[in-house]
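Structure, as C-alpha cells:
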Amino acid sequence: MTRTPVTVTVTGAAGQIGYALLFRIASGQLLGADVPVKLRLLEIPQGLKAAEGTAMELDDCAFPLLQGIDISDDPNVAFDGANVALLVGARPRTKGMERGDLLEANGGIFKPQGKAINDHAADDIKVLVVGNPANTNALIAQAAAPDVPAERFTAMTRLDHNRALSQLSKKTGAPVSEIKKLTIWGNHSATQYPDVFHAEVAGKNAAEVVNDEQWLADTFIPTVAKRGAAIIEARGASSAASAANAAIDHVHTWVNGTAAGDWTSAGVVSDGSYGVPQGLISSFPVTAKDGKFEIVQGLDINEFSRTRIDASVKELEDEREAVRGLGLI
Ligand SMILES: NC(=O)C1=CN([C@@H]2O[C@H](COP(=O)(O)OP(=O)(O)OC[C@H]3O[C@@H](n4cnc5c(N)ncnc54)[C@H](O)[C@@H]3O)[C@@H](O)[C@H]2O)C=CC1
Ligand SMILES: O=C([O-])CC(=O)C(=O)O
C-alpha cells in the first residue's frame, strides 16, 4: 500500500451511530477500496472505555486498509491532522423531546470542536455534522473555525434524501436506482421540504408520474420529514444504521463526486441561492466534483415549494438567532 492514509476523526465514537459507522469506514466504504485510513475516535471520558472496546473489535476485523486507531477525550488531539471529521457525538433526541430543546445542550460541544478543527486539522479538512440539530451545530462549529473555508463545514440531510428516495420508489414502483434529482431543502428537522418537482422517475418528471398533489402534501412530505420521530417511536432509539449509512454516502459523494445527470442533497453554507440567507447551513440540491459541493442553480421554484422552503429556512434563521443570543456564534 503506497498511498498516504487519510485521517478520519469520528466524535461520539462509542455511540450507536459510531458503532454502525466505524467498521464501514475501516473497510473502505467511506473513501474507496484503495484508500488506507487512520481512525481517531473522540469521546467524553465516560465513553472512552466503550470506545476502546470498539477499537478492539476493529482490530479483530483485520481490515487491510486500517492503519491505526487513536482514542482521545481531547478534541485538540482527536482533530490533529484530520482530513475528514464526522461530528456525530451529541445528545440524541429522546421520546417527546423537541429538537429546539437540543440547541443549548449541544451548542457547547460544537464550539470547542470547531476551534480544535481550526487549530489542528489538515488543510484539506472536510467536516460533516451529524449530531442534532445538525445544521445549526455545523454553523456553530464553522463560526469557531475562521481559518477554515466555510464550505468545508456541512450538515447531514442525506438520510432524509435516502428516505425520500425510498418512499418515492415505493409509491411509483420504480427502483431507487431509477430515481434522480430529488432534493431536500432547508433544515434537518420536521420542517424540511422533500421536493419531487425536479425529480425524475425512469426519466420522467416525478411529480407528473405521481400526479397526486394530495399524496405529496399529506403523505410523502410528512412521512419523510417525521421519519426520525417515527423510528424513535418504533425502536425506542433514534436511527443509527441508516444514519451511519447516510454519513458514508455523504462523504463518499463529496470526495468521489455525483454521477452525471443526477444530484444529491446536503446541508451546505448558503451563498444566497434560492433566497436562502447567506451563511446559513441549509440543505440544497448539490452536485460534487473535485472534492467540492456546488449548489445546483437555475431551478424554477413553484408556489407549493416556495412556501415550504421558506418555512424551513425561517426555522434555520430562528435557530441562528437563538445561538447568537447564547453567544455560540
Ligand atoms: N443528521 C441526521 O440525519 C441524524 C442525526 N442524528 C443525531 O446523531 C447524534 C448521535 O446519535 P447516536 O449515535 O444515536 O447517539 P448516542 O447517544 O448513541 O451516542 C452519542 C455519543 O456521543 C458521545 N458524546 C457526547 N458528547 C460528546 C463530545 N462532546 N465529544 C465526543 N463525544 C461525545 C456520547 O458519549 C455517546 O457515546 C444525535 O444528535 C442524533 O440526534 C441521528 C440520526 C440521524
Ligand atoms: O430525530 C433524531 O434525533 C434522529 C434524526 O435526526 C433522524 O432520524 O432523522
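Glycine residues also receive a Cβ, built from the backbone N, Cα and C atoms like all the rest.
Here TrEMBL flags His188 as active site, proton acceptor. Summarising the annotation, TrEMBL assigns NAD(+) binding site to Gly12, Ala13, Ala14, Gly15, Gln16, Ile17, Gly18, Asn106, Gln113, Val130, Gly131, Asn132. Residues annotated as substrate binding site in TrEMBL: Arg93, Arg99, Asn132, Arg163. Among the features that TrEMBL reports, domain 'Lactate/malate dehydrogenase N-terminal' is placed at 7-146. According to TrEMBL, the feature domain 'Lactate/malate dehydrogenase C-terminal' maps to 157-321.
Take the CB of His188 (active site, proton acceptor) and look out to 10 A: across all protein chains shown you find 32 other CB atoms.
Cβ neighbour counts within 10 Å, taken over all protein chains shown, single out Gln113 as the most crowded of the binding-site residues Gln16, Gln113, Asn132. Among the binding-site residues Gly12, Ala14, Gln113, Gly131, Asn132, the residues whose Cβ sits under 6 Å from any atom of ligand 2 are Asn132.
In this structure, the CA atom of Ala14 (NAD(+) binding site) is 25 Å away from the CA atom of Arg163 (substrate binding site). With respect to their backbone Cα atoms, Gly18 (NAD(+) binding site) and His188 (active site, proton acceptor) stand 19 Å from each other. The Cα atom of Asn132 (substrate binding site) lies nearest to that of His188, taking the recorded positions Gly12, Gln16, Gln113, His188 as the candidates. Among the recorded positions listed (Gly12, Gln16, Gln113, Gly131, Asn132, His188), Gly12, Gln16, Gly131, Asn132, His188 have a CB atom closer than 6 Å to some atom of ligand 1, in sequence order. Largest CA to CA distance in the NAD(+) binding set (Gly12, Ala13, Ala14, Gly15, Gln16, Ile17, Gly18, Asn106, Gln113, Val130, Gly131, Asn132): 20 Å, whole number. In the three-state DSSP assignment, the secondary structure recorded for Gly18 (NAD(+) binding site) is helix.
Sequence-distant neighbours of Gly12 (NAD(+) binding site) (same chain, 6+ residues apart, CB-CB distance under 8 A): Gly18, Leu42, Glu43, Gly47, Leu87, Val88, Gly89, Ala90, Gly131. Distance from the CA of Arg163 (substrate binding site) to the CA of His188 (active site, proton acceptor) is 12 Å. Taking a C-beta cut-off of under 8 Å and a sequence gap of six or more, Arg163 (substrate binding site) has these contacts in its own chain: Pro194, Thr223, Val224, Arg227, Ser242. Break the domain 'Lactate/malate dehydrogenase N-terminal' (7-146) down by DSSP state and the numbers are 64 helix, 26 strand, 50 coil.
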